[in-house]
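Here is what TrEMBL records for this protein:
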- GLY165, ARG166, SER167, ILE231: NADP(+) binding site (BINDING)
- 6-120: domain 'Tetrahydrofolate dehydrogenase/cyclohydrolase catalytic' (DOMAIN)
- 139-279: domain 'Tetrahydrofolate dehydrogenase/cyclohydrolase NAD(P)-binding' (DOMAIN)
Amino acid sequence: MTATLIDGKSFAAGLRQRIAEHTAAMKERGITPGLAVVLVGEDPASQVYVRSKGKQTRETGMNSFEHRLPADTPEAELLALVGQLNEDPAVNGILVQLPLPGHMDEAAVINAIRPEKDVDGFHILNVGRLATGQKAMVPCTPLGSLMLLRDQLGSLSGKNALVIGRSNIVGKPMAQLLLRDSATVTIAHSRTCDLPDLCRTADIVIAAVGRAHFVKGDWIKPGATVIDVGINRTDDGLVGDVDFAAASQVAGAITPVPGGVGPMTIACLLANTLTATARANGLPDPEGLTP
Ligand code: NAD
């Protein structure tokens, strides 16, 4: 392996430590940040995520409020809970775990969250604010990826960045963040032609496809920085969207899976909760946590 390993696990641990320090300072002022997580149904992966979100929230000294609703909960009941959390001054951040059961309108539920408490950054107002360069709540996985990129490269200005995947959760907000940092951004998706050639021109590759080992080693420009967002369960365990063994021979720096972007996501959720708390109390944004 010639590439530098981008250690998201250790970066996230440092970030959580800084968040815990900010939280302790807020508590001295009588303010305890609070994150409410709502889980509808029994999706096994969602249950694991919600459990570790709650655990890490408590570990940083914040209040964690968990709401579990049965899968057949009527949408109106979920909306009523969201309305209640919107009004609760102890709750600074609200996260409704996706995916929601099929009978619910995800967009309607997300857009019912007060934008200032939308720590996932999926509310239409936050999407618009990010796209227009206003202060927004930024989706956690792209935010974590940006932090790793800035830490690795310093300035992203003028770099050719290729985002593979155009989801609302990862690809699109990632592209917006890279644009904000003055990278030249290309978004590739399932209908893109000549992806390998496109990839060979990229100084930065963000893979968010959801297909194991999709990005091959010979697609990578020598020295490029590769951020692998993919999480794919295979017979060999968890693997990313990038063929790590081959790509790490060519790239300048690369995130592993697991231990790369994954741990950054929950750390950024806590960072967003802290930012939301600061804004709700008229305090400046905690340093280094907002792009
Ligand atoms: P998604 O299924 O919503 O989007 C996948 C994207 O890949 C689509 O935009 C599609 O156009 C694109 N795509 C599919 N086939 C393609 C092809 N042949 N060529 C180019 N593009 C293609 O997925 P998502 O929610 O954006 O997640 C992507 C991956 O990231 C998944 O593996 C998911 O598990 C992972 N993920 C990880 C984290 C984390 O915390 N690390 C968070 C969210 C998602």
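Cβ atoms are placed via backbone N, Cα and C, with glycine included.
The number of other CB atoms found within 10 A of the CB of ARG166 (NADP(+) binding site), across every protein chain shown, is 17. DSSP places the residues of the domain 'Tetrahydrofolate dehydrogenase/cyclohydrolase catalytic' (6-120) in helix, strand and coil in these numbers: 60 helix, 19 strand, 36 coil. When the Cα positions of GLY165, ARG166, SER167, ILE231 are compared pair by pair, the longest gap among these NADP(+)-binding residues is 16 Å. Most Cβ neighbours within 10 Å among the binding-site residues GLY165, SER167, ILE231: this distinction goes to GLY165. Helix, strand and coil counts under DSSP for the domain 'Tetrahydrofolate dehydrogenase/cyclohydrolase NAD(P)-binding' (139-279) come to 54 helix, 28 strand, 59 coil.
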